[in-house]
Amino acid sequence: WEFNGSFYQPSAFLMMGIPGLEALHHWISIPFFLLYFIALLGNGMILFIIKKTQSLHEPMYYLLSMLAVTDLGLALCTLPTTLGIFWFNIRRIGFDACLTQMYFIHILSLSESSVLLAMAFDRFVAVSHPLRYPAILAKSTIIKIGLAITLRSVLSLLPLPFLLKRLTYCKKTELSHSFCFHPDIMNLACADIKVNVFYGMIILLSTVGMDFIFIVLSYILIVKTAISLASKEECLKTLNTCVSHICAVLIFFIPMIGLSMIHRFGKNIPPLVNTLVAYTYLIIPPALNPIIYSIKSSHIRGALLRALRKKS
């Protein structure tokens, strides 16, 4: 412990696996390893296929590449500490290392939310203004969107590590998860955390909250446009192009909202529920997104099959 008058700061935190199931960690590690493997392989394949296939050099697939990069980052952020606990029972993480992991987890989560919003805008333009689609979402526009997403995430979350570093901590150093999460670290402090709570809430509502609202509004306009089409078949065909994105939105936002509610109001919720929701939020979307898009997108599926045939 570092001591400076009344200021206490732990040199390290202790992370937790799945509470109550510590004896089964080696067995539990098998599905986690498979999920991480699918996330890394699937998103890597998506990026490789889009890069190598000229016909996929379109706005929709550029945005899908951004989603794949974000998912790869999320998987790589939590993989070392999660599998480290399950395989080797390595629970200790340095204070600064914990803040660094937390910062990147939150940056990538916010980036994923922003990319999903950009993909919703892409679907809206494709459905409502198909003739102007190439002009509105030109390659230069996609690059600007990517830069804006990165700057928004990095700058808005930059104060978080410093807000945590200024706090005095109690002797309890055990985190609730196998990774570092802002509310989790904040709740270990003995000092007044009103600034952290207020800033975290403002950032959450003004970024992820607004993203979700605009995604919903985009789909209201998409459905309105689809209904106005002449035939039922055209309407269904139009909506079918949005199924993959809707699935990606649901598997990201539902666990995220659930985890935020648990950290804010779920003091009496069993620790196991908190842990499972956190794993669902950070591990399931990176693993499922490439599967969803590979199944639903005939272009990606066809490019993948051609790549496999060429390799064989």
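Cβ coordinates are placed from backbone N, Cα and C, and glycine is handled just like the others.
Annotations in TrEMBL come from automatic prediction, not curation.
Feature annotation from TrEMBL assigns domain 'G-protein coupled receptors family 1 profile' to 42-293. What TrEMBL records for 24-50, 62-90, 102-121, 142-164, 197-222, 243-264, 276-295 is transmembrane segment.
The transmembrane segment (276-295) is not in contact with the transmembrane segment (142-164), judged by fewer than 3 CB-CB distances under 8 Å for residue pairs 6 or more apart in sequence. Highest Cβ pair count under 8 Å relative to the transmembrane segment (197-222), across stretches 62-90, 102-121, 243-264: 102-121.
Among residues of the same chain six or more beyond the transmembrane segment (62-90), those with a C-beta under 8 A of the stretch's C-beta atoms are 15-17, 25-26, 28-29, 32-33, 36, 39-40, 43-44, 46-47, 50-51, 101, 104-105, 108-109, 111-112, 115-116, 118-119, 122, 139, 142, 145-146, 149, 178-179, 248, 282-283, 285-287, 289-290, 293.
Counting Cβ pairs under 8 Å to the transmembrane segment (243-264), the stretch among 24-50, 102-121, 142-164 with the most such contacts is 102-121.
Each residue in the domain 'G-protein coupled receptors family 1 profile' (42-293) has a pLDDT score, and their mean in this model is 91.
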